[in-house]
Amino acid sequence: MEAGFWSYYEVCLYLKGKTAQWIEDQKVPYDTTGNQWVGFDNKDSINAKVNYLTANNFGGVSVWSMDLDDFNGKFYEQGKYPLISHLHSLLMSGAPATTTAEKPGNTAVQTTPNPETPPVDSTDQPGSTTSAITTTTTTTTTTTTTSAGKPDTQFCIGKTSGLYPNPNDPNSFYSCFNNITYVQKCPSGLVYQDSCKCCNWPLVSVHH
């Protein structure tokens, strides 16, 4: 299978019954199963990141995509958006972050390769936003409707999990996972570009 990335709730499902390992010099957790390797973040790795930016007097942090957190709080039982909420509390308190001896729990960053995971209930896909400081390609995730007024729930049947352009609406795209279809929308003014699998500014044609 190809390398890719998982969301927090997908890693939560993957790690059930497992004990994550810890890379001490990088201050991040990981897990392996056979030839599969999964690296991710948890509260302890976020503590280390906040301590680093505080020690170096950095101005803030960039969160790639808020909707990759456990947005409804049902997969890891730590409340909604547990990792982003923890990050927010650390930044607002100004107190040094502390780590614990045990380092369970996780947020997805990267997988190599992407193993099979149980399907996610499509009714739980939320509207969400992306906070991005260092990039111009941001995505906002929300449920949209087709011209008929209903989501196209059949698009992903038989397709490999991943992102696909919506030929009927360049401002939206399909996110497929285990044959479940999620219709997601880019922020206003941006269009989905399949070349980068991201929302970006429309390409401008220059005529001479």
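Each position is counted from 1, following the chain as shown.
Cβ coordinates come from backbone N, Cα and C, glycine included.
Taken from TrEMBL, the feature domain 'GH18' applies to 1-94.
Feature annotation from TrEMBL assigns compositional bias 'Polar residues' to 96-127.
What TrEMBL lists as region 'Disordered' is 96-148.
For 128-147, the entry in TrEMBL reads compositional bias 'Low complexity'.
Feature annotation from TrEMBL assigns domain 'Chitin-binding type-2' to 153-208.
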DSSP-wise, what's the residue breakdown of the domain 'GH18' (1-94) into helix, strand and coil?
36 helix, 16 strand, 42 coil
Tell me the residue counts in helix, strand and coil for the domain 'Chitin-binding type-2' (153-208), as DSSP assigns them.
0 helix, 22 strand, 34 coil
